[in-house]
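**Q** Features from TrEMBL:
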- B:16-55: DNA-binding region (DNA_BIND)
- B:G90, B:V91, B:G92, B:N93, B:L94, B:G95: NAD(+) binding site (BINDING)
- B:80-182: domain 'CoA-binding' (DOMAIN)
Protein chains: 2
Amino acid sequence: MSDRIIPEATKRRMPIYYKYFKSQQEAGTKRVSSKSISDSLDIDSATIRRDFSYFGELGRKGYGYNIDSLVDFFSEQIFGKTVKKVAIIGVGNLGSALLRYNFGGNVSNSMQLVAGFDIDETVIGKTIGNCVVYNMDELNHIVKEKNINIAILTVPKESAEEAKIAIENAGIHGIMNFAPVKLTGHEGLVIHDVDITLELQSLCFNMKLSRGE
Amino acid sequence: MSDRIIPEATKRRMPIYYKYFKSQQEAGTKRVSSKSISDSLDIDSATIRRDFSYFGELGRKGYGYNIDSLVDFFSEQIFGKTVKKVAIIGVGNLGSALLRYNFGGNVSNSMQLVAGFDIDETVIGKTIGNCVVYNMDELNHIVKEKNINIAILTVPKESAEEAKIAIENAGIHGIMNFAPVKLTGHEGLVIHDVDITLELQSLCFNMKLSRGE
DNA sequence: ATACTTATGCGACATTAAGCACTATTTGTG
DNA sequence: CACAAATAGTGCTTAATGTCGCATAAGTAT
């Protein structure tokens, strides 16, 4: 069935599955079934089996799925074969927090935070977390040198558009944008917006619906 | 049509609509049509009209929708009549970044960041952004005093469960959880998980699918 | 071995969401 | 005031997603 037409809904669940597999692997689990995944993730077991079937026959009847195989398979599906290198553009409050946080060490085998960039002389040259903060002028050069694939954009909204263009020109094809601005990229540039105020509103609305307060 | 059975898909779009209305209102726009919203948000105009119709007849034929009315109406739908008070639990890297960031001042009329909480003596008593950081011991008391409705949980994953219980006991009914742990709440506690590593994985996967690299 | 249990993969069906196309109404213009 | 243009609201069609149930294969116990 792996004709490479993965439904949107399945795509959305991929990282959720992967996170679960990793946590199970760490906990020493050797095998899982669609039922056991279902219990933990609250996704119907039939949905899980269907999702996996888009990638081929990953399991064995009567046995289930082997955790190590799943982790390896999903890791390659999500990240590809090479480690993804990530840079933080804009080392202000949020940017420096993310640098220090370093994903809680959670994705280190497949993704790596490798640099920060800013235009503010007072942070340029500093090392935050494990990363040196470079001048934005050096973006092109460092991106090539370190093989950076992904940019996390944490600049003020006024500078977001300009930063996006610089990132695009440096040859980066994926942006996770924290600035509350709608950015549009050319063909081949994938932009993923994260807006904390949107998340909070969604929380509020769900509270309202669930309790009518 | 407002029988209070809002489809999930519509719920998910509510904050997106609201954000757009606010930005248009700020820009001085007085009226919008489902067509103009559609152009900006890339949601089919019929879907937009249908979404709105679940809340009654919000527009006028031949005219469209009045922006100020939409903002007011959606604001009440999402937040209710009173300003929501938010506290940050765990004033580490991410927590203090969020305190300083203060949502970029973007939701100030309907939500307000009012306090931080931590167990670390070196931050307790400090003022970050506009908020005082209190000792976790004071949670119950300050929540009542300041009428806090929502907690943003930015503690290390080891302390997340314990913090959740404290939050629940203090009478807060909504948690936005940044810790990479699955938290489950009792009936009436709404938990919304935000996991940056998940977002990054989703970005990676989309890059892979869109470019096959 | 044999029977029983577990659990996948998949066809068929059910539910939910999206979008077309029509109708009814209001606006705006000459 | 009359008429063209604009646009909401909605019945119905189509597409996407989710779920059931079963045939089949693997594992497990006697």
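Residue positions begin at 1 at the first shown residue.
Just so it is clear, glycine is given a Cβ too, placed from its N, Cα and C backbone atoms.
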**Q** For the domain 'CoA-binding' (B:80-182), what does DSSP give as the number of helix, strand and coil residues?
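**A** Helix, strand, coil within the domain 'CoA-binding' (B:80-182): 37 helix, 29 strand, 37 coil.
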**Q** With a 10 Å radius around each C-beta, find which of these binding-site residues (B:V91, B:L94) has the fewest other C-beta atoms nearby.
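**A** Lowest Cβ count within 10 Å among the binding-site residues (B:V91, B:L94) is B:L94.
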**Q** Quick check on the binding-site residues B:G92, B:G95: which one has the highest count of other Cβ atoms within 10 Å of its Cβ?
**A** B:G95
**Q** Quick one: mean pLDDT on the domain 'CoA-binding' (B:80-182)?
**A** 93
**Q** In sequence order, which same-chain residues at least six apart have a C-beta under 8 angstroms from B:G90 (NAD(+) binding site)?
**A** B:F117, B:D118, B:L153, B:T154, B:V155, B:P156, B:S159, B:A163
**Q** Counting across all protein chains present, how many other Cβ atoms fall within 10 Å of the Cβ of B:N93 (NAD(+) binding site)?
**A** 20
**Q** How many of the residues that make up the DNA-binding region (B:16-55) does DSSP mark as helix, as strand and as coil?
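**A** In the DNA-binding region (B:16-55), the DSSP-based counts are 28 helix, 2 strand, 10 coil.
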